[in-house]
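Asker: OK, TrEMBL features for this one:
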- Lys3, Lys4, Glu5, Leu6, Arg7, Arg133, Leu134, Gly135, Tyr136, Gly137, Gly138, Gly139, Tyr140, Tyr141: ATP binding site (BINDING)
- Leu49, Glu54: substrate binding site (BINDING)
Amino acid sequence: MDKKELRKHLLTQRQNLSRDDRAPLDAAILARLTELPEVQAAQTILLYLDFRGEVESDGMIEYCLTHGKTPVAPVTFKEERKMIPVRITSLADLREGAYGIREPLHLPELEVSIEQIDLVILPGVGFDRKGGRLGYGGGYYDRFLPKLRPEVPKIAVAYEMQVVESVPLEPHDTLLDALVTEKGVWRRTSPA
Ligand SMILES: Nc1ncnc2c1ncn2[C@@H]1O[C@H](COP(=O)(O)OP(=O)(O)O)[C@@H](O)[C@H]1O
Ligand SMILES: [Mg+2]
């Protein structure tokens, strides 16, 4: 399957999960994620605001807010195909941005420089256990991730049903360091 076909297949499958199916999976993923040493060590964490049936992220943001960490989420600029990291001060202060994705209010004082980010937690459409990620086809994360400090861990969260043997990759695709699902944590063993 090429990227386009795999995307379609995996999105259909994910949309078939009901709210009741998801809740225990979201809870298991959150528990595994917050136990990771990378999460414990990080101060400023780039997260995402879930849409279209992605692993629920409000719990991750709450965790950051109650544990003295700084949660940040992307504000997306469609014309420039660009994401800017902005601090989330409260889950109540979000608006609907590009693609209908919730985002923090883009106040200048809440903008975070990319060098400040210690860890990235990212969603996606499909993943493999070798660091491969399939997004929605915009390439937003592929353009953003290389700008991070090189040692910053990039960790994906996904339901086990989103994991395939091998995601088709192109040279611009950025490999991830780890994948967390309801079943466990996988770390990339091959070099990036
Ligand atoms: N680092 C990059 N520089 C320039 N263009 C990029 C870069 N990364 C991705 N793109 C563009 O974004 C498009 C979508 O990337 P793709 O990996 O297919 O999407 P996604 O990662 O969202 O699944 C690519 O066809 C490419 O043109
Ligand atoms: Mg890609």
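Placed from the backbone N, Cα and C atoms, the Cβ positions cover glycine too.
Those TrEMBL annotations? Automatic predictions, nothing curated.
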Asker: Cβ under 6 Å from ligand 1: which of the binding-site residues Glu5, Arg7, Leu49, Glu54 qualify?
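Answerer: The binding-site residues passing the 6 Å Cβ test: none.
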Asker: Which residue among the binding-site residues Glu5, Glu54 has the fewest other Cβ atoms within 10 Å of its Cβ, if you could check?
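Answerer: Each of the binding-site residues Glu5, Glu54 was scored; lowest Cβ tally within 10 Å is Glu5.
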Asker: In whole Å, how far does the CA atom of Tyr140 (ATP binding site) lie from that of Glu54 (substrate binding site)?
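Answerer: Here the two Cα atoms lie 16 Å apart.
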Asker: On the Cα atoms of Lys3, Lys4, Glu5, Leu6, Arg7, Arg133, Leu134, Gly135, Tyr136, Gly137, Gly138, Gly139, Tyr140, Tyr141, which are listed as binding ATP, what is the maximum pairwise distance in Å?
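Answerer: Result: 20 Å between the two most distant Cα atoms.
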Asker: Might you list, by sequence position, any residue in that chain lying six or more from Leu49 (substrate binding site) with a Cβ less than 8 Å away from its Cβ?
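Answerer: Result: Ser57, Ile61, Ala73, Leu94, Ile101, Arg102, Glu103.
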Asker: Looking at Cβ-Cβ distances, which residues of the chain lie under 8 angstroms from Gly138 (ATP binding site) while being 6 or more apart from it?
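Answerer: Listed in sequence order: Arg81.
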Asker: Are there any residues in the same chain, six or more apart in sequence, whose C-beta is under 8 angstroms from the C-beta of Lys3 (ATP binding site), and if so which?
Answerer: Leu134, Gly137, Pro168
Asker: Return only the integer: C-alpha distance in Å from Glu54 (substrate binding site) to Arg7 (ATP binding site).
Answerer: 13
Asker: Can you check which residues sit near Arg7 (ATP binding site), meaning Cβ under 8 Å from its Cβ, same chain, 6 or more apart in sequence, and list them in order?
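Answerer: Set apart from Arg7 (ATP binding site) by at least 6 residues yet with Cβ under 8 Å, we have Val125, Gly126, Leu134, Tyr136, Gly137.
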